Amino acid sequence: MNRESFAAGERLVSPAYVRQGCEARRSHEHLIRLLLEKGKCPENGWDESTLELFLHELAIMDSNNFLGNCGVGEREGRVASALVARRHYRFIHGIGRSGDISAVQPKAAGSSLLNKITNSLVLDIIKLAGVHTVANCFVVPMATGMSLTLCFLTLRHKRPKAKYIIWPRIDQKSCFKSMITAGFEPVVIENVLEGDELRTDLKAVEAKVQELGPDCILCIHSTTSCFAPRVPDRLEELAVICANYDIPHIVNNAYGVQSSKCMHLIQQGARVGRIDAFVQSLDKNFMVPVGGAIIAGFNDSFIQEISKMYPGRASASPSLDVLITLLSLGSNGYKKLLKERKEMFSYLSNQIKKLSEAYNERLLHTPHNPISLAMTLKTLDEHRDKAVTQLGSMLFTRQVSGARVVPLGSVQTVSGYTFRGFMSHTNNYPCAYLNAASAIGMKMQDVDLFIKRLDRCLKAVRKERSKESDDNYDKTEDVDIEEMALKLDNVLVDTYQDAS
């Protein structure tokens, strides 16, 4: 209510009470005003009443929510279901215009303001996470793979002769298909084994640049966040190569915002060489539903070019989700989550190390990977061909999600390209292994339950029949889960790799 409304209310209720209510509302409005003025994530998270007030105030600025609005066009924000309208807080028009995803919509001042504020908050968080000199970013309603494709398509206009993308190998389908979808030919650079770690082969990258010619190369497509034993690419050295040969550099930073090490690599790469854009997922870094990503970079005009390459308007849902999340957490809340993730990484590492030693295995030494861990499965691989994949299926049916069991010699074809040793990021890794990761939001109880179930599965998979292992199993906990798992184990052994 405005001042006139409060004054009218004083004729109905004691003025002292009304003034008290007015002051309470002003405290909410003060937080909103600071957000609009500074464009930064508040230090302390907002309560739900402030958030809902803010979203309501924005939504009623959109034409579909005007009282007496008369829409005679084909896109007037009409929604058949009231439930759908409430789900989206009545932001129906989306973001952007036909020529630019970052442009302001005349029909939707509130949605446009939401979009601008979200991009501003996300930029602030990227700086807080370690990339201090980032110039611009925007939220795009596509996951990481398609967002990388958008970056490659934008570069196409700058480098019309280019047909190749140099890509240090990482066995993850979406980042590979992002290059194929954009119409380019990936040039796969195999990693080199240093101890247990798989690292960037810089000599092979530079040799391939010289062989193909810089003008024929669209960009180098590097990776930060990845599954151990692969570790983040040598971003600084790759950035220097890109600067020396005047080749663009696009970084797949899928879940790297939560890692200070990954963000430091990006910052250093931009400082000593060239990084044109880096792309990160919303769901992996901010715990929101899948469907959005952030494209960021150090050259404001290039990031604007990418936003203009997006055809048509876009869904506001990813922007709305991350805006609500960041305002709820505040910068202090997000920093706390980052700190807790690091602590959980150390705890997970120690627990896997203890368990692996109990089974004559070992935790792979991958100090350059700050998120993912791996333990060997040599004893399983020696005993039975299917023992490794059986372990994966047993974990999956016991509701352990996210763990990856990687057997030796797996071959997979992706978009016409055949990868030997698929999922291990190299043709011939020395042993089979199991992956686990410490990602943002993980709790100690998650680690403890994972270790407990992994211990049971390791015992069970070493025996000829799963029933023999269950004779000694304490069924006081998770009875239904275990019974279901036993029925499904044999069915899923052969299909586990696709599920993972």
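From the backbone N, Cα and C atoms, a Cβ is placed for every residue, glycine too.
Features reported for this protein in TrEMBL:
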type	residues	note
BINDING	Arg75	pyridoxal 5'-phosphate binding site
BINDING	Arg97, Ser98, Gln105, Arg313	substrate binding site
BINDING	Arg271, Arg398, Lys463	tRNA binding site
MOD_RES	Lys284	N6-(pyridoxal phosphate)lysine
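Feature map: TrEMBL annotations on the structure.
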{"residue": "Arg75", "record": "pyridoxal 5'-phosphate binding site", "contacts (Cβ under 8 Å, 6+ apart)": "His93"}
{"residue": "Arg97", "record": "substrate binding site", "contacts (Cβ under 8 Å, 6+ apart)": "Ala103, Val104, Gln105, Arg313"}
{"residue": "Ser98", "record": "substrate binding site", "contacts (Cβ under 8 Å, 6+ apart)": "Pro311, Gly312, Arg313"}
{"residue": "Arg271", "record": "tRNA binding site", "contacts (Cβ under 8 Å, 6+ apart)": "Thr133"}
{"residue": "Lys284", "record": "N6-(pyridoxal phosphate)lysine", "contacts (Cβ under 8 Å, 6+ apart)": "Ala254, Tyr255, Gln258, Ala439, Ile440"}
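Of the chain residues outside the substrate site list Arg97, Ser98, Gln105, Arg313, Gly94, Ile95, Gly96, Gly99, Asp100, Ala103, Gly312 have their Cβ within 8 Å of the site's Cβ mean position.
The Cβ of Gln105 has fewer other Cβ atoms within 10 Å than any other of the binding-site residues Gln105, Arg313. All chains included, 23 other C-beta atoms sit within 10 angstroms of the C-beta of Arg398 (tRNA binding site).
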